[in-house]
Amino acid sequence: MRGFSANILLDNRDLNLSLSFLRVSLCVFFGLVLGLPVLAQQQSDKEKEKAQKEARQFMQEADVALGENNFPEAEAAYRKAIAKDAENADARYNMGNMYYTRENAPQAAQRFKQAAEVADTKTARHKANHNLGNAYMKQKMYQEAVDAYKDALRNDPTDDETRYNLALAKKMLEQEQEQEQENQEDNQDGGDDENEDQENQDQENQDQNQEQENQEQQNQDGEGDNEGDQDQQDKDQEEQEGDQDDQEQQDGQGDEQEEEQQPEQGQPQPAQGQLSPEQIQSLLEAMNNEERKVQDKVNAEKQKGAKVQSEKDW
């Protein structure tokens, strides 16, 4: 029984040693687990601090370059500072000012916007948004300027300069909208005028086409009339030629006709159907003269009747 008890005591001592080792191991494990993030954070802070220090050095170089009016070198230094410290709002803000003074409003607006996004104080956000509004005003982007000035006032409602700039931006935006409305109305009126002009032109073209068609129709009718006239002229010519043939035949038979039917000496026989009013009048006058001569001769014969007879008998 005694030997059995010794074995039990030995086993208890081994168990106690094992438990102690386990406790120590756990403490070391949890210490390492809990300490690693702290160590990592400490390392990260050191690296961040180093990066910020290098960024500040680049910013100083940029300031010196700007003082010497060396824009390319200053721009390169600011870019290096931003690359070292991505959350450096001052580098972006200063770079925006550099672009703004060199009349590069689009680049300035981009840098001011970035500065406002990474700024960790209200003062920094106010400054960045205020200058962002100025950059938009230079580009006549009045709606964007209004929004930027509002963001600036949210971070510093007491800035009268920002408030004034906001009022000016609103006024310019209102004028721009009114001008756009007028342009829209002018374009609408212009479109109506163009449509009316087009309609008038179409109507004029239609009238011209109608006149051309009428003229062509008249020309066709005229050609038809001319053809009819030509046919009639040809017919009249044939009739005239036939009358001339008849007249020649009558002239050949003139000796066989009675003397009273002879025309006066030297007067041609008029063709049938060819006497003009003047010719008819002349013919009537000739006939009257002839009758008058005959009548005068008859009267003279009557007055000399007896004497003439006696002389003749003698």
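Any Cβ shown, glycine's included, is placed from N, Cα and C.
Now, the feature entries from TrEMBL:
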- 175-205: compositional bias 'Acidic residues' (COMPBIAS)
- 206-221: compositional bias 'Low complexity' (COMPBIAS)
- 222-262: compositional bias 'Acidic residues' (COMPBIAS)
- 270-282: compositional bias 'Polar residues' (COMPBIAS)
- 289-314: compositional bias 'Basic and acidic residues' (COMPBIAS)
- 174-314: region 'Disordered' (REGION)
- 89-122: repeat 'TPR' (REPEAT)
- 126-159: repeat 'TPR' (REPEAT)
Cβ under 8 Å, sequence separation of at least 6 from the ends of the repeat 'TPR' (126-159): give me the contacting residues as numbers and ranges. 89, 92-93, 96-97, 100, 103, 105-106, 108-109, 112-113, 115-116, 119, 165-166, 168-170, 172-173, 176
Residues outside the repeat 'TPR' (89-122) whose C-beta sits under 8 Å from one of its C-beta atoms, at least 6 past its ends, are 55, 58-59, 62-63, 66, 71, 74-75, 78-79, 81-82, 128-129, 131-132, 134-136, 138-139, 151, 155-156
Taken over the repeat 'TPR' (89-122), the model's mean pLDDT: 96
Give the residue counts of the repeat 'TPR' (126-159) per reduced DSSP state, in the order helix, strand, coil. 27 helix, 0 strand, 7 coil
